[in-house]
Structures are given as C-alpha cells and as structure tokens.
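S.K.: Below: one structure in structure tokens.
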Amino acid sequence: MDRIERDVVVIGAGACGLTAATQLRRSGASVIVLEARDRVGGRLRNDDSSGALLELGGQWVSPDQTALKGAIEELGLETFSRYRDGDSVYIGPDGVSHRFTGDIFPASPETQAEIERMIAVLDGLTAEIDPDRPWAHPRARELDGITWRAFLEQLSDDAEARSNVAMFTAEAMLTKPAHAFSALQSLLMAASAGSFSHLVDADFILDKRVVGGLQQVPLRLAAALGDDVLLSRPVRRITWSADGAVVEADGDLVVEARQVVLAVPPNLYDRIDYVPTLPLRRHVLHQHLSLGLVIKIHAVYEEPFWREDGLSGTAFSPYLSVHEAYDNSNHGDPRGILVGFASDARADRLLALEPDERREAILDDLARYYGERAKHPTIYVESDWGSEEWTRGAYAASFDMGGLERFGADVRTPVGPIHWASSDIAGAGYQHVDGAIRMGHWVADQVLAALAPTPA
Ligand code: FDA
C-alpha cells in the first residue's frame, strides 16, 4: 500500500480541481490531485483519433467569462473567433427553412415581437437574481415551484414564441425538458451568464475558442503540478473527522490530508463511501441534483461548403432532434466542421436507435439546415457523456423542482474537512468552465483559511 501525506487532497483533475490545486500550491500548501480517469480535463477533451481535432466536451468562451479568459492568458494560450459571417437558418413548426441574421428567429412579425417582449421580461427578472444566491430572491419559493414550461405558458399564449424562448435554457443549457426544472433554475442559468439576452445571442455565448482546444487549460495546469497529479486513481472512501481525512483510492493508495477538495460533478458524490456517514441534510441534498443529457455531434467535410451558399453555419430549430448547430471548423484547418447538439428526450429517442440509424437521422437534420451535402461527411463522431463513467451526463448538474430554493444555500457548505467545488455549483459561470475556475479559486481560499493557524 502507498501512503502519502499532504495538507490538501484534491479529488478530480478537471478545470476546477486543477485550479484549486495550483492556487493552494502557490500559497505554500502541499497538495496531491487524485483523478479517476487516465487523463486530466474531465468534461474538457480534445480528441484527434478520428483524423481531425475535435473538442468532445466544453469548447466556447464568452466575453463575460473573465476567470476563464484570465486562465487562458496566464497559460499563454491563443483564441480565435467562431466563424459567423452570413445567414443563420431557422426551421419553424411548419418544417420550412428560413434564413435570418441577428438573434430573433424569423417567425411571423407577431411571434417575433412576442419573443422580444418575453426576453425583455426575462432580462428584468434575471437582473434581480444574484447568481451566487438565487434562493435569496423574494419570490424564490414561487419561482422554484413552477416549471419553466408552465412559467412561460403564464407569460405568453404564443406557442412558437414559447418553444423558442424555452430552448435557450432547456435544450441549449440545462439539457433537460422544460417541464423538468423550475423557472428559478432557468433564471439562475441566465443570471450566471449576465442576462437572458446573453443566452439568446449566439455570437456572445459562443464567441471564442482556444487554438488547439480548451482542454489545454487543464493539460497545462496539470503539467505544472507534475507528479502531484495521479491518474487512474478513483477515490472510493473518505474517512473524516474535524482534524482531517484519510482518502482511499484504487491501486492501494491512501492519502492522509488535513483538508479535502471534492471537485467532481455532484451526481458522483454518492459513489464515494463516507466514514462516518455524511449529515442527513447533505445526503438528501445530493439526491436533488442531476445532470442533463446531450449528444454532441461532429461532422467533418472536405470544405466548409455552407459558406459558399452564404450560410454562417449557425442553425436552430426547437422542432428538430438537432436543435442547434454551428460552424466548428478548426483554426488553420481548411476542412469544414459542423457541430450539432441533440438534448434531453430527443437524445433519448436517438440513443434508442441503432448507431447507423442514429447517424442517418442526425445527418438528415443537418441536411435540412445546410442541404444534401451535409449527409456526406468524411468524419462523423458523436460524443455521449451520459455513458462516461466519471461524468454520466452533460453539460452540468441542476436541481430538481423546488431543490434550488430548498437546498441551494447549503450546496457549498463544507462537511468537516470536505469542501465541495465544481462548475455545477458555481454562481457566475454556472455550468461553464468559467464557473469551474471561479469555484477552484473560491475553494482554495476556503481551504487556506481552514489551514491557517487559529490565533491564540
Ligand atoms: P469535471 O467533470 O470536468 O471534472 C471532474 C473530474 O473529477 C473528472 O476528471 C472526473 O474524472 C473526476 N472524478 C469523478 N469522480 C472521481 C472520483 N471518485 N475520484 C477521482 N476523480 C473523480 N462549458 C463551457 O464553458 N463552454 C462550452 O462550450 C461547453 N460545452 C460543453 C459541451 C459538453 C458536451 C460538455 C459535457 C460540457 C460542456 N461545457 C461547456 C461544460 C464544461 O465542460 C464543464 O462545466 C466543466 O468542464 C466542468 O469542470 P469541473 O472541473 O467542474 O468538472
């Protein structure tokens, strides 16, 4: 058995855990990071095994994500803009394809005006929500007790306007059906990105990418931590007391530490045994947080043929399985790459098909956006994070109905020496890499305060 002693053990080598470990070490604490997978980065993953560099997990950076932008700059990485010149495509409830520019989908003038009115109302409400404390809003209980779908039904009689507005936080963000989460959870999603309008504006929310892929952030952080990052070490048990913890991982590894950072998605908290067991409220809380489901699809072509047709590659439809798609061509690679997303119940239906049938159904949707040539990619890759043992969903966790108001205030409260941190429980940057990095810094501060000697 290997036995290691450190001031802090960080569990999980995603952007959050590695940010925390880096800051802790810079502040003089000794640290070890234990990672279950045989690679670092968690939900960030560059993959070139198909013949093109594909970012299978998180990839985009938006202007408000200052913590992530700071990390990118500090690590000496470069960014480039997503291709966006030309018309976007919208397919409405009648199945007809329309070209448009700007943010508002080209429905009838009445529906367009209704979408704009709804977004203005939602911007007003979002401005009242503190992303770090959404449960403190005076109407938190009411807003957490109504589903996003029912809330929009109260807001508008226009079904097409509702489907479009619902999509910005349902299919496109929480990746759960609009009847499965609350209006408060939806407003938190918007508040964490600065406003509801930001979620509507694809040019804002999907602004930049990192040359060589966003996984370079955790890869470079891990390289600097060197031998203090151990791979293929899933943590199975934490024995804890007020004085510290003993953490047991695969490979007969035991780490004794004064503080623990559990930087894993919340749906995985209960895969670890806690001795003694966690307090009752903590156990109950865990059962109210779950991840959504999305399939991310990459299709690579000899050239970005849609650009010749004056299309930007940006395409939306709440009525197709692939509800959104973009030009995802790489920096310095002449090939054209499209990326599409199929979420929630649409993903269920697609995943029930045989792989060939699923590919055909997905490429049919891409062809409806971009024409017949979309049916013939040279490379086709689906990334399904629901099947990944150490993630089990995407993009990140959200509370069930009523859970945010009931448990939110406790979600970051440590238990003895165990501190919780991930993008899934962030305020600003929630569900995004920016939130993971913010939480990494925040939890490092908490741990350093706990390590500091108590004044006599
Ligand atoms: P993350 O899950 O990355 O890291 C946790 C780590 O803990 C993992 O490495 C895991 O293996 C490990 N672990 C789990 N259990 C363990 C155990 N018992 N012992 C040891 N290790 C354990 N964000 C964004 O900003 N822009 C975007 O474009 C996108 N797009 C996107 C697409 C897809 C398909 C996904 C899946 C996600 C995104 N995201 C995104 C979200 C973003 O990727 C995500 O929020 C962060 O990468 C999460 O970082 P964390 O470090 O919090 O968790």
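FYI, residue positions are counted from 1 along the chain as it appears here.
Every residue gets a Cβ built from N, Cα and C, even glycine.
Caution: TrEMBL annotation is automatic and unverified by curators.
Straight out of TrEMBL:
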BINDING   GLU35, ALA36, VAL235  FAD binding site
BINDING   PHE341  substrate binding site
DOMAIN    16-448  domain 'Amine oxidase'
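Locate each feature and note its surroundings.
M.R.: When other Cβ atoms within 10 Å of the Cβ of ALA36 (FAD binding site) are tallied across all protein chains shown, the result is 21.
Cβ neighbours within 10 Å of PHE341 (substrate binding site), excluding its own Cβ and spanning all shown chains: 21.
If you take every residue in the domain 'Amine oxidase' (16-448) and average the pLDDT, you get 97.
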S.K.: State the Cα to Cα distance, in Å, between VAL235 (FAD binding site) and PHE341 (substrate binding site), rounded to an integer.
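M.R.: About 32 Å separates the two Cα atoms.
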S.K.: Can you tell me which of GLU35, VAL235, PHE341, our binding-site residues, come within under 6 Å of ligand 1 at the Cβ?
M.R.: GLU35, VAL235
S.K.: Where GLU35 (FAD binding site) and PHE341 (substrate binding site) are concerned, what is their Cα separation in Å, rounded?
M.R.: 28
S.K.: Note the Cβ centroid of GLU35, ALA36, VAL235, the recorded FAD site, then list each other residue of that chain whose Cβ lies within 8 Å of it, in sequence.
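M.R.: The answer, listed by sequence position, is ILE11, GLY12, ALA13, LEU34, ARG37, SER232, ARG233, PRO234, ALA249, VAL264, TRP390.
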S.K.: So the record assigns GLU35, ALA36, VAL235 to FAD. If I measure every Cα pair among those residues, what is the longest distance in angstrom, as a whole number?
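M.R.: Value for the max Cα separation, rounded to a whole number: 8 Å.
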S.K.: Between ALA36 (FAD binding site) and PHE341 (substrate binding site), what is the CA-CA distance rounded to a whole number of Å?
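M.R.: With distance taken Cα to Cα, PHE341 (substrate binding site) is 27 Å from ALA36 (FAD binding site).
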